[in-house]
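Presented below is the structure to which this report refers.
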Ligand SMILES: CC(=O)[C@@H](O)[C@H](O)COP(=O)(O)O
Ligand SMILES: NCC(=O)COP(=O)(O)O
């Protein structure tokens, strides 16, 4: 079954808006696990506007499920943090500086050499590597050349198109997933997945190992409660 990794960035956004430690991001990670999540994702950004680097260290101490740290590996601070914390998985995202949120995958052809070298650094440390990619065949083929363990399909386009035409929305993702399976790449996915579009995505993507979901899940939790919401998302993957 596809694993649900809860992205807790938005707990940190709320905490940082007032200083102090409410809500407690470490407790958010503990509770996500308690409520049935298969893992916890964080995406520290260089300005630490939500997750702080220290949060990664603190979460590592309590994590009993899978810990996934996403971020921009062009930042040496990010590389150092991941090598220090040693999560189960690092997801490399080609964020530009000051970006509001992630909005594109790697060009795995242009950056093939850089990716190969960087991925090896993490793999040598025993950390599984996933790279964020658009559902484009050339990029999937390129990903296989980098030595990455997995790809994370960037699903913002799917989420947008799903509202108009779900068959059309899923088509490039399914084609990309079939190719990734042929190449022996593991498949994760994330960005803008929600209660409306998740089940259809999971049903049509062969070999989908993990989804990481934050924004919509935390927004739903405000109305439905954190435990109930995690259970509802899990059910979409059953
Ligand atoms: C890579 C990805 O799609 C997510 O990590 C997403 O970018 C969440 O980051 P923010 O919470 O900073 O928007
Ligand atoms: N990798 C995607 C992620 O962690 C969460 O993205 P979103 O659900 O906050 O859009």
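Even glycines carry a Cβ here, placed using N, Cα and C.
In the three-state DSSP classification, residue 7 (3-amino-2-oxopropyl phosphate binding site) falls within a strand. As annotated by TrEMBL, 3-amino-2-oxopropyl phosphate binding site applies to 7, 18, 192, 214, 215.
In the three-state DSSP classification, residue 43 (active site, proton acceptor) falls within coil. The active site, proton acceptor annotation in TrEMBL covers 43 (among others).
Per TrEMBL, 1-deoxy-D-xylulose 5-phosphate binding site is recorded for 45, 50, 101. Using a 10 Å radius centred on the Cβ of residue 101 (1-deoxy-D-xylulose 5-phosphate binding site) and all shown protein chains, the other Cβ atoms total 13. DSSP gives residue 101 (1-deoxy-D-xylulose 5-phosphate binding site) a coil state; it is part of no helix or strand.
The active site, proton acceptor annotation in TrEMBL covers 70 (among others). With a cut-off of 8 Å between CB atoms and residues at least 6 apart in sequence, the same chain places 41, 42, 43, 90, 91, 92, 93, 102, 132, 212 near residue 70 (active site, proton acceptor), listed in sequence order.
In three-state terms derived from DSSP, residue 152 (site 'Transition state stabilizer') belongs to an extended strand segment. Residues or ranges marked as site 'Transition state stabilizer' in TrEMBL: 152.
DSSP assigns residue 191 (active site, proton donor) to coil in the three-state reduction, placing it in neither a helix nor a strand. Sequence-distant neighbours of residue 191 (active site, proton donor) (same chain, six or more apart, CB under 8 Å from its CB) are 101, 102, 154, 155, 156, 159, listed in sequence order. The active site, proton donor feature in TrEMBL is assigned to 191.
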8 Å Cβ shell about 45, 50, 101 centroid, 1-deoxy-D-xylulose 5-phosphate site members excluded: 9, 13, 43, 49, 51, 99, 100
Sparsest Cβ surroundings (other CB atoms within 10 Å) among the recorded positions 18, 43, 45, 50, 215: 18
Recorded positions: 152, 192 - member with fewest neighbouring CB atoms within 10 Å: 192
Top Cα neighbour of residue 215 (3-amino-2-oxopropyl phosphate binding site) in the set of recorded positions 45, 50, 152: 50
Spatial separation of residue 152 (site 'Transition state stabilizer') from residue 7 (3-amino-2-oxopropyl phosphate binding site) - C-alpha basis, Å: 14
Length of the line joining the Cα atoms of residue 18 (3-amino-2-oxopropyl phosphate binding site) and residue 152 (site 'Transition state stabilizer'), in Å: 33
